[in-house]
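Heads up, the thing below is written out as structure tokens.
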Amino acid sequence: MSKLFSKPAIYFIMGSQNTPGRDALEILEAALAGGINCFQLREKGADALTGELLLDFAVECQRLCCAYKVPFIVNDDVELAYALDADGIHIGQEDMEASTARRLMGPDKILGVSVHSLEEAEKAVLSGADYVGMGPVFGTQSKADTKSPAGTSGILAVKNRYPGLPVIGIGGIAPDNAGQVWAAGADGVAVISAIVQAESIALQIRRFNESIKAGAEK
Ligand code: TPS
């Protein structure tokens, strides 16, 4: 795989719980066709798929990502990521130790870690993280146990300490505020609701791409 996040990334995150009454695979395909460059499968909460249903859904997501040559990353579930030979795993602070995930997945898989501070980013780097997801930058409805919005200062601090570490901003990011995230030096924006809930996913991703240029001019 080419270097991770070598160009600004529109990193889409979704689970079936984010698309009630709609076809999640159709939404993923629209996002892939629209130009996302990373995907994370995040099945969470009371309605999350489990067992065979989860496996079948995950296989379909992976197949679509593969067709569009977009990395397929699994949130939290190392067993699933390993079974599918996914491209990577994303670990939160309340999940398995990132260093354990690194050991179980091997040296060649992508390891991402959610962080809220420079200290957590330092620990993630020592655990072998390839990138960190930093947030919530803005207020988010998509995560139940989330911390209060931190703005872009954490991204600035982590990029200052680790210029070569890819930092992905997350939490309430939409095309109209993404410019601030790019301006702070983020390598990507990770997004659930602003993509899932968009009337036109293609148009929304185009707007995200336009925000990259707007951010650079700030
Ligand atoms: C790359 N996380 C922090 S805020 C949030 C999530 C899932 C909700 C965003 O939804 N970084 C990465 N992956 C993760 N899973 C997290 C952090 C954890 P919305 O865009 O609707 O505000």
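The backbone N, Cα and C atoms fix where each Cβ goes, glycine too.
From a predicted model like this one, the values you see are computed outputs, not experimental measurements.
The 4-amino-2-methyl-5-(diphosphooxymethyl)pyrimidine site in TrEMBL is built from Gln40, Leu41, Arg42, Glu43, Lys44, Asn75, Lys143 plus one of Ser6, Ser114, Ser200, namely Ser114. Taking CA atoms as the reference points, Lys143 (4-amino-2-methyl-5-(diphosphooxymethyl)pyrimidine binding site) and Asp76 (Mg(2+) binding site) are 14 Å apart. For ligand 1, the neighbouring binding-site residues among Leu41, Lys44, Ser114 are Ser114, by Cβ distance under 6 Å. In sequence order, Ile13, Gly15, Asp76, His90 are the same-chain residues whose CB sits within 8 A of the CB centroid of Gln40, Leu41, Arg42, Glu43, Lys44, Asn75, Ser114, Lys143, the residues recorded for 4-amino-2-methyl-5-(diphosphooxymethyl)pyrimidine being left out. Pairwise Cα distances among Gln40, Leu41, Arg42, Glu43, Lys44, Asn75, Ser114, Lys143, which the record gives as the binders of 4-amino-2-methyl-5-(diphosphooxymethyl)pyrimidine, peak at 16 Å. Counting neighbouring Cβ atoms within 10 Å of each of the binding-site residues (Glu43, Asp76, Asp95), the lowest count belongs to Asp95.
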